[in-house]
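Asker: According to TrEMBL, the protein has these features:
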- B:108-115, B:189-193, B:247-250: GTP binding site (BINDING)
- B:268-281: domain 'SRP54-type proteins GTP-binding' (DOMAIN)
């Protein structure tokens, strides 16, 4: 049911291009110039970026000529698989392969705190001993926000007052987590723009301290808003250069945004997508499925 | 992917360099680059299509600046068009005069920066002598009211939190609070909502109905991608906002969304938000935004440079002509310029009175005659061109043979040049006379006059 909702909302935004594709399909499914243009448009509108969209469309066009694919339906399928292949598979899921310590990084308003809250709720439900670390000591009321999530999930939040050094907060969190024998440690950090070099250095320190101190594997996850456009690539690149990211979480896919930028980032930087957020509820944070995602991006066969 | 647009445009420039006039194909090439630039800046796909189509039309029908290369001309046109489209620098909030308190309501998606923008706006209004009140109507996100309260206390603006449960009740309560505490402006911070969330959109409409805001501002993240069109369209239809605050412009996002918003809703961008400090709410500059969207601040610099160089060149030419007289090379250059602009007939049609003047010329000038004159000049040596006075009978004969024209025609050209040079001499005399009285200043005025003369004749220095 949830999945349906996810598709329904994504379908909404694709209506026009899907109708165009279907038209070709019903009229005998012959592929002509307008089909390719339409396909390219669809991909661009999904925030995949004009460059990637053109490359993929050209690839596909070549393949269509080679394998004699003339029906829109066949091509769409080929496209979906072609796109899905762009995503690297995750060798390890930091939220199920325990013990694990995860740092959430990203720009302001990407949805880091909310994601931490949801994941903590999940952990509690499945009985995993978990702690939340509040290293966003900068934004007003970030700690309070996290504490509310902690209360909802029934999980302790380890943090310090606003203005404290985030690296030392992380140190405390890891230490406390070890003392309690927590299997999953989720640490929220302050949002920052990738262009602010001071804050990026601060974050690098936070990550280094955590990696050094922690005896359990540490993953650094970039949280990215699905509505983000082409700047997402700059963001991811900067964060990756500074922190050596392990993977991505794409949030706010419940709107009409299709999150094509996730594909661009994932394939370009070789980062797996761990979770996607498709709604406000705790359960709406789902495991990523490349084929499903690409179907939504292109428009499923119908 | 990370190549800057400037580099790519430069490549296109190189391909187009040396071409005097733009063909439709040239424009198509340039438009493709512009299209890519706009898409990479996250301008919505359909907006790009319309915009590029419009620009192409403009390029085809617009006058070109001679001092710029064709590609630069295209960029100039696109930039102008973009700046116009992005609207005015009017960052004023329209508030009803006879109402206290005035109400400003902020709406937007989750994480777009509403709460931060609310505090910044309060800070701005406070510094303008108002007494704002912040209303924490985000009753959904945990601790959103705490965040606003913290920000409020930092900038010394009081925050109304109400019961923290019913957003509409908090909003109406804040108006009463403002009346009680003599606040003249209430800034209503609302919860972030997705445009497709029916319930939440209903709530926004309910808040609007309850407080009847003077201004509704939509906060839009500068990093938003293609979906921005769906978002703003839905918000415009449901709650109808008056203007936009672009947030997170301190990053390196090109902010093409600004163009999409303007194009789709027609609503102005009122402010840009540039950081986390309360004083970082700035006036929107459409020209800067246009350059940012095209990712080409430096290219504009190049254009300006080209314009400057061309001007300097023109100045130098004028000065040299005043000093040394008019050479055959000058004559040639002018004729070539006329060619470039579409030939003599076209120009004559454009200059009032020119036709009559031309008819008085011996043999009547037409384009084919210009070709002949060009041929004659080409047959002169460098020295002869610089100092036509040295052209004696023997030289005349040689030039005539070289260019395949008669000696008579060569004589005619030299006579024409002589007339022009005399005219130049008179002007030089005038300039010196004036120079005697007014010094440097009047000499500059003279140069200006000469330049204008050239300009008035369609950009070229047409001697006839």
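Quick reminder: no glycine exception, Cβ is built from N, Cα and C everywhere.
Note that this is a predicted model, so its numbers are computed, not measured.
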Asker: Does residue B:111 (GTP binding site) have same-chain partners at least 6 apart in sequence with Cβ under 8 Å from its own Cβ, and which are they?
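Answerer: Once residues fewer than 6 apart are set aside, residue B:111 (GTP binding site) is near B:192, B:221.
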Asker: Among the binding-site residues B:114, B:193, which residue has the largest number of other Cβ atoms within 10 Å of its own Cβ?
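Answerer: When each Cβ's neighbours within 10 Å are tallied, B:114 tops the list.
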Asker: What does DSSP give as the helix, strand and coil breakdown of the domain 'SRP54-type proteins GTP-binding' (B:268-281)?
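Answerer: Helix (H, G, I), strand (E, B), coil: 0 helix, 6 strand, 8 coil.
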Asker: For the binding-site residues B:108, B:111, B:193, B:249, which residues show a Cβ-Cβ distance under 8 Å to chain A?
Answerer: B:111
Asker: Counting only residues 6+ away in sequence within the same chain, which have a CB under 8 Å from the CB of residue B:190 (GTP binding site)?
Answerer: B:105, B:106, B:107, B:114, B:137, B:138, B:167, B:203, B:204, B:207
Asker: Kindly state the mean pLDDT of the domain 'SRP54-type proteins GTP-binding' (B:268-281) in the predicted structure.
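Answerer: So the average pLDDT across the domain 'SRP54-type proteins GTP-binding' (B:268-281) works out to 85.
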Asker: Note down the number of other Cβ atoms within 10 Å of the Cβ of residue B:108 (GTP binding site), including every protein chain shown.
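Answerer: The answer is 28 other Cβ atoms.
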Asker: If you draw a 10 Å sphere on the Cβ of residue B:249 (GTP binding site), how many other Cβ atoms land inside?
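Answerer: Residue B:249 (GTP binding site): 25 neighbouring Cβ atoms within 10 Å.
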